[in-house]
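Engineer: First the structure, then my questions, so here it is.
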Amino acid sequence: MKNWIRKMISVLAVCAMVIGLGVPVRTQAAEADTDTYVQQLIAYYRDDQENAETDIERVLSEMEAVDAQQAEAWRQIMDYWSYVNTDMPVNLNVAPDGLPQDDSLCIVILGFALNSDGTMKDELIGRLETGLASAEKYPNAYVVVTGGGTASGNPDVTEGGLMGEWLLEHGLSEDRLIIEDQAPDTVGNAENTYRILSEEYPSVKNLVMVTSDYHVPRGSILFYSKCLLSAYESGGEPLQVIANAGYETGSQGYESISLQASGVASVAGVSVSSERLPLSQLTGLTVSQDQMYEAGNELQLSVTAHYDTDFSRAVSTYTIEGFDPAQGSDQEITVSYTENDITISAQFSLSEKSQSYASAAYLEKRIEEIEQTDLSAYTASSVNALQEALIQAKETAAQADADAEQIRQAYDALNEAFDALIKRVNIAYYMETEANCNDTDAYKINDGVIDTSNYWQSVENGQNVASADAQITIDLDGLYDVDSIVVYPYWGGQRIYKYELYGSTDGEEWFKIGEHDSDEYVTSAGISHEIDAQVAYVRLNGLETHVEGRDDINNIHIVEMEVYGEEADNLAYGKPVTSSGTDTSAGSSAGSSDAQIVDGDRTTYWDGGVYADEPWVCVDLGEIYSLDRLNIITYWARNDRYYYYDLYTSVDGENFTLLYAKDEGTQLSTIHGEDVTVDGTVHARYVRLVGKYDSANPSFHLNELRVYGQSDETWNDARSALADALQRSEALDLSQYTARSVQEVQEQMNAAQLLLEDGTVSTAQLTTMESQLSDAVSALQYKASDPAMIALQELVNKANAMASEEETLNAAINAAQSLLDDPDNASANAVVSALLDLSEAMQALNTDESVDALREDVQATIDFINDNILTNVEGLRPAKVQALRDAVQAAQDAVDDPEADADQLKAANKAMTKAAQ
């Protein structure tokens, strides 16, 4: 029996070992496609040219990871584009010397729009003369003439055809002439010319561009980029633009970089937004050398510039001060590098191999830029948020020991606050008005027309209504925190108007919010009132009118009334917005952006592009709210129209549920929008609108997305508790537990995940689910270890060998065998219990074991429990631990008692092992 006790103790030791493993969480950033990178490259060069060198290199590096071959093609294009606008000479009237004298050279003469009758303009003839002079200088070169039909009154002629005839008439050999007469523009000319030359004239490798002098840079970059990209697509060799000749027109300067960019975008087949991309800001330097400097040697440094876009690159245009070649490594030099008005100077010791330096210069530059910005056009709350970020940024910039991460965080926070600025909006514009007299003209006080020919006056049935009896009200269509009101009384002549301003939240109870009782004459500047009130309605009550020389005028005249403030209960106001993109290609949408759907301005809008593509826009409310209603304002200003759309909500930004689908009806859009009432319980942090239809044109437009509701702390707390419980469950290593207990946990986890994704569930459902998941986790059972299962199998074999008919023993054998038959569900506790039960049953039959041997077995069990269980009781219930301590002490007392017999020892051992389980 002693051997089985020893084995049982070994199994208990194995079962006592618990290993916890963490579960790593991985996220993967979305990867941009090559078209996105191309758009960025073109935009950067269009707006900043050589100042965008860093960002062009950054974008090319990112592009290389997606498509190395295309990245190399665009690297060459960007290098050539820079060359075209910086170092490339424009040769006047004839190609330069030193070009190939064989048929690998081709002179390309670009066309020019014809007169309406189909004759050539003088500028086109000038290009031909320049091309012919170049052809005579290089008699073995081919000559291409380009241009389709551009004569509005003579569609039968083409630029290329007329140009070819002119060259032949002036002596060019016909076998040298190549005509491209299909394309009406330079981009098409380039595409067709490359195709003709690559397919029919394989000897041609180099091009000379001939055009008007001002057009040489643009023509060169378009031909170069088209030839290179066409070669990339076809797998052929690109044609090289190696020279040019410009017909001297006397023009001052060249075509704009913006026009060049438009052409390059057309060549690439992409649409480039007019929005200016931010330049990377220099944030730090790393100065290094391969080995410490020795006196008399050449100083060889490597300088790497670091930027706020997490990009770094080697730079060479740095300066060095304080260097003494004869001094050796015991000296400190100053290494300075400047980029886009930011200079970083690093003190580098030549006894070091490498040192890195963080600089707040870019933060200081941004602080200065923002401090010079006129913020009067923005709302008080957004300006206050910016001022707070500005204070923090200044404090960080002033800290001598601020590290790169602290500087970066302050810079990002400052930019976020600046980007979040919201323009002040006249919230009274076009809102409903009501006057107690002359109500027909009441709309004129908020129609946006500030002109004395357009005003409301207090009259009724042709008779004046005295100021003191006149009032006019504006319904703001929402609850607003109003900070100012500007009133424009009629200012023609010498006029004095006195009035009071009232506010109301419900249109019934009114309170005074301002007044004007000055005896000064009113002017076209209007009268400004600082207001601090939360109102949904604004009313002007007249008091007194005085017009110099006109005692008969006693009524009030209001040209315009502007109200400024921010909506108080719109949860979406000023919140972050994402979208499928913004279409700014139409002139009317040039200033469109997705952020305009939450700016409180009902006149601005987001152009989502073609509605057939189902454009979407999403507002992040910042936290989860219980929603009551939404207000959707689609474009309303012109061309009567109606829209269809879908509304979705989400609590996590990933799983969206359809809330409302507008797919029928022809009610036209208005400035007041459409109210969508939320039925039942809907909680959401994210609200997404998907455009489906516009009755007026193919695009979808949204002016405002307004969301109303309230915070539900009880629901949020319940959801957070469930999310925490799920996160703890996901961190468990479930491989160490029995299959049935794991299955129950996984089922509860799946159910919990579904509830967390659902904003329509109740607080009770969340609370119940959290309890069920916690219970399932608590019920997890550790699987028995392999050694434990082996020990149990051996003990079963031993018990079977006893061939006993004793009922208790056979029951223990059957219980143990059921565990062995289902190892995935054999828990450590169950196996230990089976071992104990089987050992006890076998021991009961083994009556010949001496008391001394039994005493040793019990002592071995005591020692094991003391060494392996009671030394680490963290997480165990105190009552259970105390019961085990008591049982161990009782067993020890029995062992120490020389008078204890076998029955007493067995009883003590049984009580102790049961407590240990």
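Using N, Cα and C of the backbone, Cβ positions are placed for all residues, glycine too.
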Engineer: Pick from 5-46, 383-424: which range does TrEMBL record as coiled coil?
Structural biologist: 383-424
Engineer: With helix taken as DSSP H, G or I, strand as E or B and everything else coil, how many residues of the domain 'F5/8 type C' (409-510) land in each class?
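Structural biologist: Within the domain 'F5/8 type C' (409-510) the tally stands at 22 helix, 43 strand, 37 coil.
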Engineer: Quick one: mean pLDDT on the domain 'F5/8 type C' (409-510)?
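Structural biologist: Summing pLDDT over the domain 'F5/8 type C' (409-510) and dividing by its length gives 96.
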Engineer: For the region 'Disordered' (574-595), what does DSSP give as the number of helix, strand and coil residues?
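Structural biologist: Once the DSSP states are binned, the region 'Disordered' (574-595) shows 5 helix, 3 strand, 14 coil.
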